[in-house]
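Engineer: First the structure, which I've put down as structure tokens, then a few questions once you've had a look.
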Amino acid sequence: MAAVMRNVSGSNVEAQLIYAITLPVSCAIILINLLIILAITCNRQLHNSQNYFFLSLLVADLCTGVALPFIPWMGLNRPLSFSSCLLVHIFPNFLFLAFLFNLVLVHYERYRSIMSPLQRGQLWLHRRFVLPLLAVWMLPLLFALLPAFGWNNKRCCTYRSVFPNAFIYLEVYGLLAPAILSIAAMTLRVLWITREQLRDIQRLQRAVANRECRRRIEMRYACCVVAVSLAFLTCWVPYIVYTHVGMEFLLRRGGKSNRIGHIVLSCVGIGGIAVVPLLLGLANREYTDPVKKLFRKLRHRYRHRSVQMDTNFMHTSSSKSI
């Protein structure tokens, strides 16, 4: 009886910890994604293949934000039927894989546009943009459904019962690790190209002796490098740590595991990587300017209405006094 009470109290503490960490992050991710999605859909000038890719990423990030409070539960035992267990494990896994595939697609599209700026409209990504959009959603769905097709260890409702060891290794080292490495490689390549272009600009500016403009460009590039480094440290490093530590937690046979540590790492890791599209969207003025205009209109209407209410109140009070 005492052991049962300890298990119940431990489950309550774990649930409170999960919701305390994930709910604020999840609400912020959902709200910001909705604002940026609204800004893209309401502006017809942004209706092109590049922004369709980013819109798909925002939708995937929105779904990840909705599923974020449920992802840490995937590593914990729960008294569910096996069909329900498949659903609560496969669906969040599909959403996260779709988010990661969309993130790779957006980085690849921007990388190709920077590598071949004059041939941007001729790239197959832009001419047949529906195919990559279908691929980044259908391929994760097919992979995530493999346990439902029989690739599982049908026992109790645990992560390792739904996802066998071979499936976990294939997902982590066959999908997640190559995706992260490809994003890092494309980002470093873009920074290197930017550095080379900056040197060419500096050579031209030395001819006209424009030191102030040259210093401003160097400062802007330095800020860009610092922003990318901080984003990597705050968003990607916690997820990489969570992936490798989570592998040890999920594949451990017997012995005691640090469940609280796993919960904190999963919440911080998944939440951190889900912030990446928000940083990309907030850094683009094409997406933020319509939202700022909307807030200005709402604020102006609120002030105008409050002024009208004050004048009406003053008018009624003065008429009563008379």
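Start at 1 and count along the chain as shown; that gives each residue its number.
Glycine is no exception: its Cβ is also placed from the backbone N, Cα and C atoms.
So TrEMBL lists the following for this protein:
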- 17-40: transmembrane segment (TRANSMEM)
- 32-280: domain 'G-protein coupled receptors family 1 profile' (DOMAIN)
- 52-74: transmembrane segment (TRANSMEM)
- 86-108: transmembrane segment (TRANSMEM)
- 129-152: transmembrane segment (TRANSMEM)
- 172-193: transmembrane segment (TRANSMEM)
- 221-242: transmembrane segment (TRANSMEM)
- 262-283: transmembrane segment (TRANSMEM)
Engineer: Sequence gap of 6 or more, Cβ distance under 8 Å, 3 or more pairs: do the transmembrane segment (172-193) and the transmembrane segment (86-108) meet that?
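Structural biologist: As far as Cβ distances go (cut-off 8 Å, pairs 6 or more apart), the transmembrane segment (172-193) and the transmembrane segment (86-108) touch.
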Engineer: Restricting to the domain 'G-protein coupled receptors family 1 profile' (32-280), report the mean pLDDT as a whole number.
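Structural biologist: Across the residues of the domain 'G-protein coupled receptors family 1 profile' (32-280) the model's pLDDT averages 81 on the 0 to 100 scale.
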